[in-house]
């Protein structure tokens, strides 16, 4: 692999990202621009942006790696990533838009009238975001290491610095343009090498044939090819986490506010599903080809298969050029997801932790936008520090834990909060705390070093199947026990959540 | 100010208790909850089949294309189909009634 060509390609992505970000800066002026791009992004742009932001290191590198190592079971990752959007659309997207809240903590506060629930939510947004940023930084480190041999800290540092600059400069509006551009870049980068490989081959069927034989077991679902115990439990748990976790991801939810109305939000989701489905055709092909051309990567965890495959198939200039394209696409993945997450986390840190303190310390001598910029810096420093102290977990596994945490906390809060009138404030807080502690304990154990094998490993590795029902149960039982703590304004909230947006009811929107 | 809040609250409660509002909510729930359950069952059954019906899933349909592979692709296709069905349903059955409710609420004297 030639470092010079790949570094040039990565450099171009970085320049384009900053360039488009600065272009967006000129049109983002108000606080509303910063957070939700003034709710004026067309469905097609918005769908590209949502897909661009959603396809992270886990999708670009991780899925192919997991399928390469563990076999066809891992295709559930790509199905689950897609179905999560459907759940979000039918269960929470429209009511949440109508609530008028910008962020999850905003929703929690208006629905439950409690600053305590709000603060728990703010903490969870930061927790989920950090858990999701961690694999992006690991992926960046891995990519730069594969291309140049430099230590992983270099790649992670590059991504961290660029994201903070871009987010601090432009907020959501510029990020929308950057994300849309990056979806198409990622798709091109992932698809082109596959097409070139298939064209170069006169008989592409030969590749599939080579699978039968030594790798036949690998191609069968739930085969335990990767040495994972209890594959049925693990697969169900993973599916649950992905289906119900997407709605609780801070960077995903905020995107639905950037549509002008609910109808546009539905249109956007259809386009998103098509774009995601198209993208996910390719990672399994890398895994299949990887089994033939780079079987040695199986032992190394497989996360670099996408980056290394072109060079393995075509030693020489063609391989170098295709490798550079893939490296550039991978960087687009790290940058876009990290940017979206950083905007979401920074928004929460700014509103809930920083602004009032900053106001007090500086005696009112500050500008709101500056507080957001400082928050963006903090939002990236925390995961960067975590990155330097944690070992490398598989990329898609770490992301799976972020989904499990979201499914065990925000999913019950949103689904029950929107649909169940008798949910009490105490119930909401108890569910968040119990689900949050259970899922993050599982995540911490995983990051620190998972148990050897058997049930403990399966339960800790894929916690959603027990942590999510536990959280739902906690909310329901505690709410039944504390009927006097049902928020007084529940009737008002329900009307607000379920009447169409065109109706002029007070949605508690900040003045625009 | 507090008087306004009180009268606001009453009108919210009125809307909440109005038959049109409950009907809108009920219709939404009657469609969306069963549909959600149905498609979750479909995904989970696929996993079960993959685990316990190996023979069926590894039947070859033609060349190297197995039943499992077709079903796997079918997951993406069905996700897309469900989304289209939901969007059409929401456009046809929810939006017009929501519009009607809007006229009712806004037509009411304050």
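Note that Cβ sites are derived from N, Cα and C of the backbone, with glycine treated the same way.
Feature annotation from TrEMBL assigns transmembrane segment to A:6-25 (among others).
Annotated transmembrane segment per TrEMBL: A:45-69 (among others), in sequence order.
The transmembrane segment annotation in TrEMBL covers A:116-134 (among others). If you look at the transmembrane segment (A:116-134), the same-chain residues 6 or more away from its ends with a CB under 8 A from one of its CBs are 56, 103-109, 248-251, 337-338, 341-342, 344-345, 348-349, 351-353, 379-380, 382-383, 386-387, 390, 398-399, 401-402, 405-406, 409-410, 413, 425, 428-429, 432-433, 436, 440, 443.
Summarising the annotation, TrEMBL assigns transmembrane segment to A:154-171 (among others).
Taken from TrEMBL, the feature transmembrane segment covers A:183-201 (among others). Using a Cβ-Cβ cut-off under 8 Å and counting only residues 6 or more beyond its ends in the same chain, the transmembrane segment (A:183-201) has close neighbours at 13, 48-49, 51-52, 55, 60, 207, 275, 278-279, 282-283, 285-286, 289, 306, 309-310, 313-314, 318, 322, 325-326, 328-330, 332-333, 336.
TrEMBL lists A:233-257 (among others) with the feature transmembrane segment.
Annotation comment: TrEMBL describes A:269-289 (among others) as transmembrane segment.
Annotation source TrEMBL lists transmembrane segment at A:321-349 (among others).
For A:370-393 (among others), the entry in TrEMBL reads transmembrane segment.
If you look up TrEMBL, you'll see A:399-420 (among others) marked as transmembrane segment.
What TrEMBL records for A:427-448 (among others) is transmembrane segment.
Annotation comment: TrEMBL describes A:460-478 (among others) as transmembrane segment. Away from its own ends, the transmembrane segment (A:460-478) comes close to residues 228, 233-234, 236-238, 240-241, 244-245, 397, 400-401, 403-404, 407-409, 411-413, 416, 423-424, 426-428, 430-432, 434-435, 438-439, 442-443, 445-446, 450-451 of its chain (Cβ-Cβ under 8 Å, at least six residues beyond either end).
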Notebook entry, point to check: What same-chain residues lie close to the transmembrane segment (A:370-393): Cβ under 8 Å, and 6 or more beyond its ends?
Noted result: 34, 126, 129-130, 133-135, 137-138, 141-142, 152-153, 156-157, 160, 163-164, 167-168, 171, 301, 338, 341-343, 345-347, 349-350, 353-355, 358, 446-447
Note to self: Is the transmembrane segment (A:233-257) in contact with the transmembrane segment (A:399-420), using at least 3 Cβ pairs under 8 Å (sequence separation of 6 or more) as the test?
What the structure shows: yes
Check: At least three Cβ pairs under 8 Å linking the transmembrane segment (A:269-289) and the transmembrane segment (A:427-448), pairs spaced 6 or more in sequence?
Finding: no
Next item on the list: Six or more residues out from either end of the transmembrane segment (A:427-448), which same-chain residues have a Cβ under 8 Å from its Cβ atoms?
Entry: 108, 112, 114, 116-117, 120-121, 124, 127, 131, 390-391, 393, 397-398, 401-402, 404-405, 407-409, 412-413, 416-417, 459-461, 463-464, 466-468, 470-472, 474-480, 482, 485
